[in-house]
Amino acid sequence: MAVYDYDLFVIGGGSGGVRAARVAAALGKRVGIAEEYRYGGTCVIRGCVPKKLYVYASQFPEHFADAAGYGWTVPQASFDWQTLVANKDREISRLEAIYRKNVQGAGGETFQSRAMLVDPHAVHLLGEDRTVTADQILIATGGRPAPHPALPGHEHCIFSNEAFDLKELPDAIMIEGGGYIAVEFANIFHGLGVDTTLVYRGKEILSRFDMDLRRMLHETMEKKGIKILCHAVSEWVRKRPDGRLDAVVTGGKVLTVDQVMLAIGRLPNTENMGLEGVGIEMTRTGAIHVDQYSRTSIDNIWAIGDVTNRVQLTPVAIHEAMCFVETAFKGNPTAPDHETIATAVFSQPEIGTVGLSEDEAIKRFSDVEVYRASFRPMRNTLSGRDEKMLMKLVVDGASKKVLGAHILGPDAGEMAQLLGIPLKAGLTKDDFDRTMAVHPTAAEELVTMYKPTYRVRDGERA
Ligand SMILES: Cc1cc2nc3c(=O)[nH]c(=O)nc-3n(C[C@H](O)[C@H](O)[C@H](O)COP(=O)(O)OP(=O)(O)OC[C@H]3O[C@@H](n4cnc5c(N)ncnc54)[C@H](O)[C@@H]3O)c2cc1C
């Protein structure tokens, strides 16, 4: 039997790669892992974590404004972008060190290097100019923002990576895209006082989410002062003599801004890694093609996380890592379960969602009950904030199974996490009805909507 340097070599030290390396090492496997940039990957360094910290920062102006109705006088507030960036940097450096240490603590060996495949059992570490061998190889190289080379002036644009570390907070920004990253950044910049325009080619922001929530979030964002242009794309971006940018969007409208941020999708990191040479099959979008167990077309090479373009979320990459370890090292073939994933959009207000949207449910079920409540949450009463919350349950009329739960409003992400449990367990509306409310909360609405607001039978609303 061939003797390799490692039982497992992992390429990519992000959410999925670090988890797989740590857990396999803790099993006593000889594990090496290479990261070309910073341990923690997209989520920790330039994704979920810094994003959420910036969301918190951007919420303070509304908290200050709301305080008056509760009797507080808040002196004129001021904001310092450099302080936020520096404090964010400190926090992600702390997390980065923990990620690396956790792998090492479990017995894994960490490399600071770009890695590429040489053959099915050999990985070249460019930073060290050496080649290591491994019995099993896991590719967890994630993704990166999709560029837009066809856009004249694209060289003046930034992506989410750069948005976190701008030298100065812009006075005005145009963000192109309608996915959750574009929407979240629009809310962040607006909350920090930036004149913000969101430009999206589709008919409504946040495709794939429930239409009710999409529309209501759109309206609420506009009410706050965020400009949203749907059915529009940027046609060119030009630098002005004063250093600002002119962005021309569909219809000839010119937006003069300090930054143009493109958030038009993400591409898997599969280039210049020797994958084709080794015979690894790719999908049409350049992602690594894997079977249900995350195995690539080469028997001992596996891929997890964003590089496989299944569901691009941190908990999914981590779950796929755990399933990979079960399959490859514990003799327990385990396919990741991508059904009924709870998720959030950290917009303002937030979206929390799990399961089928109303439109998806109608396509799949002939009798759909919709329970819907739209109300002003209690905390908006004394503050006078004119913002409503929306809660919605989508139920199969025949079995009463709750197919989807959708929330727009404060703490919706936290609620979605808890709703993920009953929906994953396949609980019914009767189970929700049997559950005692917690009073006074906004979430109690989820267990007190006793009668359907409407039903949709064979696609017809009754
Ligand atoms: C702005 C933003 C916000 C996000 N917010 C959320 C959120 O709120 N919730 C959520 O669940 N998800 C969020 N995500 C998605 C989440 O970050 C990803 O789904 C997750 O990080 C995927 O993990 P991964 O292990 O597949 O890849 P990554 O975390 O991207 O890790 C891949 C690592 O591989 C390294 N690498 C690449 N090529 C090589 C190579 N050849 N050699 C060595 N190293 C290499 C990269 O440097 C990177 O560190 C967000 C993403 C972005 C961009």
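Positions of Cβ are set from backbone N, Cα and C atoms, glycine also.
Nobody curates TrEMBL annotations by hand; they come from automatic prediction.
Quick look at what TrEMBL lists:
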ACT_SITE  HIS439  active site, proton acceptor
BINDING   LYS52, ASP306  FAD binding site
BINDING   GLY177, GLY178, GLY179, TYR180, ILE181, ALA182, VAL183, GLU184, GLY265  NAD(+) binding site
DISULFID  CYS43-CYS48  disulfide bond
DOMAIN    6-321  domain 'FAD/NAD(P)-binding'
DOMAIN    341-449  domain 'Pyridine nucleotide-disulphide oxidoreductase dimerisation'
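Annotated features taken from TrEMBL, shown on the structure.
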{"residue": "CYS43", "record": "disulfide bond", "DSSP class": "helix"}
{"residue": "CYS48", "record": "disulfide bond", "DSSP class": "helix"}
{"residue": "GLY177", "record": "NAD(+) binding site", "DSSP class": "coil"}
{"residue": "VAL183", "record": "NAD(+) binding site", "DSSP class": "helix"}
{"residue": "GLY265", "record": "NAD(+) binding site", "DSSP class": "coil"}
{"residue": "ASP306", "record": "FAD binding site", "DSSP class": "helix"}
{"residue": "HIS439", "record": "active site, proton acceptor", "DSSP class": "coil"}
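Less than 6 Å separates the Cβ from ligand 1 in the case of CYS43, drawn from the recorded positions CYS43, VAL183, GLY265 in sequence order.
Break the domain 'Pyridine nucleotide-disulphide oxidoreductase dimerisation' (341-449) down by DSSP state and the numbers are 36 helix, 34 strand, 39 coil. A Cα-Cα distance of 10 Å separates CYS48 (disulfide bond) from ILE181 (NAD(+) binding site).
Sequence-distant contacts of GLY265 (NAD(+) binding site), defined by Cβ-Cβ distance under 8 angstroms and a gap of at least six in the same chain, are PRO145, ALA146, GLY177, GLY179. The average pLDDT for the domain 'Pyridine nucleotide-disulphide oxidoreductase dimerisation' (341-449) in the predicted structure is 97. Largest Cα to Cα distance within the recorded NAD(+) binders GLY177, GLY178, GLY179, TYR180, ILE181, ALA182, VAL183, GLU184, GLY265: about 14 Å as a whole number.
Per-site Cβ counts within 10 Å over the binding-site residues GLY177, ILE181, ASP306 peak at ASP306. Compared over the recorded positions CYS43, CYS48, VAL183, the count of CB atoms lying within 10 A of a residue's CB peaks at VAL183.
Just so you know, the Cβ of GLY179 (NAD(+) binding site) picks up 20 other Cβ atoms within 10 Å once every protein chain is counted. With respect to their backbone Cα atoms, ILE181 (NAD(+) binding site) and LYS52 (FAD binding site) stand 11 Å from each other.
When the alpha carbons of LYS52 (FAD binding site) and CYS43 (disulfide bond) are compared, the span between them is 10 angstrom. Surrounding the centroid of the Cβ atoms of GLY177, GLY178, GLY179, TYR180, ILE181, ALA182, VAL183, GLU184, GLY265, where the record places NAD(+), the chain contributes additional residues within 8 Å, namely PHE185, ILE205, LEU206, ALA263.
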